[in-house]
Amino acid sequence: SLIQFETLIMKVAKKSGMFWYSNYGCYCGWGGQGRPQDATDRCCFVHDCCYGKVTGCDPKMDVYSFSEENGDIVCGGDDPCKKEICECDRAAAICFRDNLTLYNDKKYWAFGAKNCPQEESEPC
């Protein structure tokens with residue numbers, strides 16, 4: 001679920017997904033089009049693609065299980081679909097953490113769809 005995604009971002013990247021990633025570049029936030037603008041935006045693009053491959057459950061609403069082991073997030077549970085959602089969220093949170101030094105809110109916060117032409121979109 002989106003609430004769990006926020007939790008994973010806080011645990012892994014030590015940032016609020018709502019305040020840092022909900023309206024950034026062309027892909028961080030609801031929907032997405034155009035070219036990813038930087039490494040952080042690419043994290044969101046890959047996350048959107050990952051969600052797009054999930055079938056049989058709702059990535060934004062379904063609750064999954066995870067645990068922390070030696071500082072790492074481990075996705076668990078018996079439902080393979082929910083585990084897949086967790087893996088999408090886990091990978092994005094790690095990507096955000098690994099690209100924190102490249103995050104550029106002055107340039108890409110509230111970037112706007114007008115700067116993300118649909119015709120420049122790339123496939124997943």
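For all residues, glycine too, the Cβ spot is worked out from N, Cα and C.
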Among ASP48, ASP58 - the residue Swiss-Prot places in the same Ca(2+) site as TYR27, GLY29, GLY31: ASP48
Candidate in CYS26, CYS28, CYS57 joined to CYS44 through a disulfide, as Swiss-Prot lists it: CYS28
Member of CYS86, CYS88 annotated by Swiss-Prot as disulfide partner of CYS75: CYS86
Recorded positions (ASP48, ASP89), the one with most neighbouring Cβ atoms at 10 Å: ASP89
For CYS86 (disulfide bond): DSSP state (helix, strand, coil): helix
Distance, HIS47 (active site) to GLY31 (Ca(2+) binding site) (CA atoms, angstrom): 11
By Cα-Cα distance, the member of recorded positions TYR27, GLY29, CYS75 nearest CYS124 (disulfide bond): TYR27
Which listed residue (CYS43, CYS44, CYS116) has most other Cβ within 10 Å, given these are disulfide-bonded residues: CYS43
